[in-house]
Amino acid sequence: MSAENRTIRIATRKSALAMWQAEYVKAQLLKHHPQLTVELLPMSTQGDKILDTPLAKIGGKGLFIKELEIAMLEGRADIAVHSMKDVPVMFPEAFGLHAICPRENPFDAFVSNQFETIDALPQGAVVGTSSLRRQSQIRKHRPDLNIRDLRGNVNTRLAKLDKGDYDAIILAAAGLIRLGMEERIVQQLPPDICLPAVGQGAVGIECRNDDAQLIELLAALDDAPTRLRVIAERAMNERLEGGCQVPIGSFATLDDDTLTLTGMVGKPDGTQLLFASATGKAHRGKVLGVEVAEALLEQGAGEILKALYQ
Ligand SMILES: NCc1[nH]cc(CCC(=O)O)c1CC(=O)O
């Protein structure tokens with residue numbers, strides 16, 4: 001089988017956002033390699049089926065990608081497309097992330113039908129998010145708000161807001177933009193209020209490490225600045241062993257060849273938030289990630305994280 005006539009099958013979750021990302025990767029593959037045939041293989045994953053339990057209790061983010069990896073191991077699919085935010089830092093040995101696509105808006109969005117900003121919410125207003133990272137930072141900023149659990153895909157969450165279950169909800173801006181719902185973003189939360197999650201807004205492409213031909217084809221879709229940023233962000237989480245759903249923010253910026261990484265670990269109740277930053281050459285992202293993680297551990301991040309796993 002030559003790269004000339006190869007059919008690339010993309011394993012993807014079935015949510016609207018996952019399908020958008022898979023279609024995006026299909027379009028990019030065909031743009032760079034018009035000779036290919038590209039097909040989508042939509043699948044349900046454990047993470048999609050169990051909707052009533054907080055993710056941290058049922059095994060975390062890996063639940064969303066295991067089925068996709070099995071499809072690749074069994075030869076039913078060639079690549080899997082992921083939101084980098086949902087990809088655990090501990091990666092199975094047989095697979096690699098062989099392209100990281102250009103990053104969309106990495107910040108969190110405040111979405112409300114009544115209020116213009118998070119600061120305009122009245123005391124005791126009900127805000128929906130299931131992310132411990134968002135909860136921790138929003139409680140720190142506005143201890144008076146009432147944070148309530150909110151799960152499901154982007155459309156489900158918006159429907160719950162529109163039904164009046166919440167005064168506001170927090171979602172990733174990237175998901176809303178990709179789904180053509182940018183107008184629902186009322187306020188973009190700046191990183192000093194809500195530091196984004198590792199990899200937020202970036203899409204990664206995974207395939208088997210033994211598929212050299214495919215790895216070469218995927219190189220055309222890789223965006224070096226995004227990859228350098230995400231490598232640094234993930235190195236921080238790896239050092240912190242931020243395995244499942246955790247109150248950790250990790251956000252890198254790139255200015256020419258200079259990378260600045262900021263990390264945050266917070267108590268879910270918002271009573272203690274730790275921050276650290278490091279700056280250096282872009283290719284040293286892994287070292288910077290470890291440096292920021294160790295600065296956070298020195299401040300007591302280990303105790304905050306340990307308390308969550310008990
Ligand atoms: N946890 C779910 C998830 N995974 C990726 C995105 C979209 C943004 C992205 O690509 O990072 C979302 C939705 C959200 O957090 O609001």
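Including glycine, each Cβ sits where the backbone N, Cα and C put it.
Annotated features in TrEMBL:
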- 8-215: domain 'Porphobilinogen deaminase N-terminal' (DOMAIN)
- 228-297: domain 'Porphobilinogen deaminase C-terminal' (DOMAIN)
- Cys244: S-(dipyrrolylmethanemethyl)cysteine (MOD_RES)
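For the domain 'Porphobilinogen deaminase C-terminal' (228-297), DSSP puts the residue distribution at 29 helix, 26 strand, 15 coil. When averaged over the domain 'Porphobilinogen deaminase C-terminal' (228-297), pLDDT in the model lands at 95.
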